[in-house]
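A.B. asks: My questions will all concern the structure given below.
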Amino acid sequence: MKNNLFIILILIISVSGLPFLLSGFGVDLATEIYIMAIFAMSLGLLMGFAGMVSLGHAAFFAIGAYTVAILGQFINNVYILILSAIIIAGLIALLTGSLFIRTSNFYFLMITLAFGQLLYALAWQLENWTGGADGMRVSATLDFGFGEIASPLAIYYLMGIAFIFVYILLKLFVNSPAGRIIKGIMENPSRMAALGYEVRVYKLLVYSLAGALAGFAGSLYGYFNMFVSPDLTYWKFSGEVMIMVIFGGVGTLIGPVLGAGLFIILQNFISSYTERWQLILGAILVLLVLVGKGGIIHWFGYFKEKFIIRKGTKNVETSKPIEEEREVIT
Amino acid sequence: MSIYIVQLLTGVAYGMLYFMIAAGLTIILGVMNVVNLAHGAFFLLGTYFAFTFMSLHLNFWLALLLAVIVTAILGIIIEKLLINKLYGKELEQVLLTFGLTFVIADCAKWIWGTEMQTIAVPELLNSSITIGEMVFPAYRLFVVLVGCILAVILWYLESRTRVGAIIRAGVDDRAMVAALGINVRLVFTGVFAFGAGLAGLSGVLGGPLIGMYTGMDSDILVTSLIVVVIGGLGSWKGSFVGAILIGLIETLGKIWFPSLSMLIVFLLMVVVLMIRPQGLYGKVVSQ
Amino acid sequence: MRKTKWKFIGVMLLIVVMILSACGNSGESGDAASQDKIKIGFILSDSGTFAPLSENIKNGFKLYLEQNDNKLGGREVELIFEDDEANPQVALRKYKNLVGSEKVNFLVGPISSSVVYALRDEVEKDKVILIDANAAGNDLSWDLRSDYVIRTSFSNWQNGSSAGSYIANNIGKTAMVIAPDYPAGQEVASAFKESFEASGGKVVKEVYPKLGTNDFATYLTDVSQTNPDVVYAFFTGSDGIRFVQQYNDFGLKGKIPLTGPMEFGDLLIVEPSGDSAEGIVSGIIYSPWIDNEENKQFVEAYQKMYNKLPNTFSVQGYDSALIIDKAIKEAGSVDTEELVKVLKGISFDSPRGPITIDPKTNNPIQNFYIVENVKKDGQVVPEVIETIENVTMPETNPAK
């Protein structure tokens, strides 16, 4: 618990302090990273705590963003729009999830991919609502009742607060009884079923929660970018988020956050310097996988192992003679 | 009537291309448990290699052979150097192959440039046959023929040879293969190279139909993954049926449900998985 | 043991902060260094199917710089290239970098219309000039027109309507239209229909295959059943090559004349399509064989630099550089408002012929050439039959 407070404190300090170090674009990029971090955490929850690897998670993100764009034409109220984005995404996740969780592993990956592509096709074809392939502009304004939030810095803080809020929320959920049961189901489904837990209900719960959170991230993104297009639900976007999660470390909450940050920064940086950004990014991915030890969050564990094990072995060496001595004595 | 024959043949011809690429994908998935997202890249490389060989004034058939061999060799290298290191770590393997798609696609762009190209239909097959009042290109019939021959070869391999027995055992129970004293690593390398070669073959044969352009790898990847899912993991029979089904649905869907043509393949997959969560010919695997 | 993990996270966050701040500072340091230098940011699509278009636009732009000692309007030029992956969301991020951090004077870009629509509001807000070197969406000249977006390429309306009356008067009165099912496809098709029917033709059937269709057999059998006088088809990139080849494969070439907008007369499609492209009639804005002094020099220089012939996109890139050069010279400064005043209504001689930016639509008034692809010395080349001068986009949507 102390550690959790510590990390939350670090997050709060970095979120509030960052703008003093960053210039305009840095703030914009950090804002986007917070939104993506929320998105990545929602997938991280699904992958790392429930063992469900989805390649269509962007669908819920897009649902959130499109909700703000489409409903925003009629109702210009942040509370209603964001709330409906969360509810709609969550409900659709609940509905589709009840069908999808019948499948497992690779089939689950594929059926979620198909779902994302279905939405992609819909966003593309329902031109009158979504603007089709040309996308549509978001007309809703970011106004919580005390004036429109338009300056990049204000948006930055808003997204930063949302990010910390979601992090705390997820941390609480993961450590709650339901969260523990879900983790247990991932590790040993048959045992948990034998213990009388409804495996499917818990899986569905996580899937819906992850969907609702992705919808929340999507609605923020709609406000941030003021433009939505079908690319938001394309499988490559789902793939990118998956990279962020695996990149950062599956099974932790802060891992996907770091993954999102590093991925977006890398993608931006490399492409600014060279046209061969795909080659370099791809090579970095390959390298990171080979030496990555399951995500950057675990690198430290690796270094520590090397470092502490040396100490440890010394301890073993020193303790061994004592045991031998004891044997001799007895 | 003849219109429907033309449509059917078209659907089957494309189905055969999907079959060739999916056959490799499914066996890599079934035996090695690797979701090879770089499989589309092998397809692309097949086309590009064949283009290079043909621009060196080799004929189509020699170019075909060389392109398949080179792609397979590349498969061996990638398996030995990279995928081998991550045996048993499925998520990491997905990420690795995803990274590879970036690398291969960008290298291809670097080497061959971005200009779109086509591969000429071999002289021998550059004609059309007449069906009723309709005309049908002979090359497509040839693709259908190659697909059928491949299906027979794979069926023979699977059911009548020792290699097939090992692969079947591998799909059912990987641990058992190792316990039998078979060199699993060698089997994996072989399977991966074979799959890459098949994707290359599909790329070369698809060259005259689909052409070559940047981005063709990701265009084909999703469809072939769907074929694998519909057919069932590790099943060549499933891939064959699934591929023809997809080829036909894509073609006929354009006539019957033109407004749904973007959705129809995905809908088919969702329906199949709802009825049979393990695909048409997949085995029920415990988690 | 756990504490160290959190320390690690702290370190990681610190690294992120450092990278981010480095990212932000990079632009500002260079800003004050040389006031005369101008920065041009490119938002193009380098990955995916649009890659060849991007490359040719860059080639054309670089050629113009090469010919002018790397100077535009007498000032040194720095180019920054970004890849939008044809995705408006990525494009917006790149835009923020180029404008917010790099502080570019001009933006040149995008390939796809969805990106230009996404950028349009931003450039309006930030008052940055965007030279649209390709994206052809009609609304950019109509409802979504912005003073800060000047198009040097062409609009879908121009592209679709140019050949309509020639086809109705010279080739056939009934037409079947085939175009991909996305905004550009529909815009080109409806512009063609409008001009074709205004000249006494009749569109008997319209079909819209999905974008990225591998196989057109279904539509081609439909063509032979419908049996129109002429087929008008709009396809870009690899879709276009496949369509042209399959039109031949299914025995329609020579039976029903195939026509189309500029894509079917552009080398990007004509060259790889081989003999299949022979006989197609199209309305184009550029070919290397257009006869004028600028083009002769342009083609020669381009071939010398890149060892291949330029296509429409190369000239769009070239003209984008040309227009910036001329605008700075005429305005005498790089002040945005001054430049906008000059750019609206600016005229110049392009390798594609004389061009004036229409101040009412910010779209070029330009010549279209009706060409037929003919075989010469074993190579298929577009041969000009007729020149339609000063094709001007209407001020508002004629359909409304």
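Counting begins at 1 with the first residue displayed.
Positions of Cβ are set from backbone N, Cα and C atoms, glycine also.
In case it's useful when we look at the structure, here is the feature table from TrEMBL:
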- A:33-51: transmembrane segment (TRANSMEM)
- A:58-75: transmembrane segment (TRANSMEM)
- A:81-101: transmembrane segment (TRANSMEM)
- A:106-126: transmembrane segment (TRANSMEM)
- A:154-174: transmembrane segment (TRANSMEM)
- A:201-221: transmembrane segment (TRANSMEM)
- A:241-266: transmembrane segment (TRANSMEM)
- A:278-300: transmembrane segment (TRANSMEM)
A.B. asks: Under 8 angstroms, Cβ to Cβ: which one of A:81-101, A:106-126, A:154-174, A:241-266 has the largest number of such pairs with the transmembrane segment (A:201-221)?
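C.D. replies: If we count Cβ pairs closer than 8 Å to the transmembrane segment (A:201-221), A:81-101 scores highest.
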A.B. asks: Restricting to the same chain and to residues at least six past its boundaries, which positions have a Cβ under 8 Å from a Cβ of the transmembrane segment (A:58-75)?
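C.D. replies: For the transmembrane segment (A:58-75), the far contacts come to 39, 42, 81-82, 84-86, 88-89, 92-93, 112, 115-116, 119, 123, 129-130, 136-140, 210-212, 214-223, 228, 230, 232-235, 237-238, 241.
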A.B. asks: Based on Cβ pairs under 8 Å, which of the stretches A:81-101, A:106-126, A:154-174, A:241-266 lies most in contact with the transmembrane segment (A:33-51)?
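C.D. replies: It is A:241-266, which has the most Cβ pairs under 8 Å.
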A.B. asks: Who are the long-range neighbours of the transmembrane segment (A:241-266) in its own chain, taking Cβ under 8 Å and residues 6 or more past its ends?
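C.D. replies: Non-local partners: 7, 29, 32-33, 36-37, 39-41, 43-45, 47-49, 53-55, 57-58, 61, 167, 170-171, 174, 281, 284-285, 288, 292, 294-298.
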A.B. asks: With a Cβ cut-off under 8 Å, give me the same-chain residues at least six positions beyond the ends of the transmembrane segment (A:154-174) that come close to it.
C.D. replies: 4, 8, 11-12, 15-16, 18-19, 27-28, 30-31, 34-35, 37-38, 41, 45, 49, 142, 183, 209, 213, 216, 220, 223-224, 253-254, 257
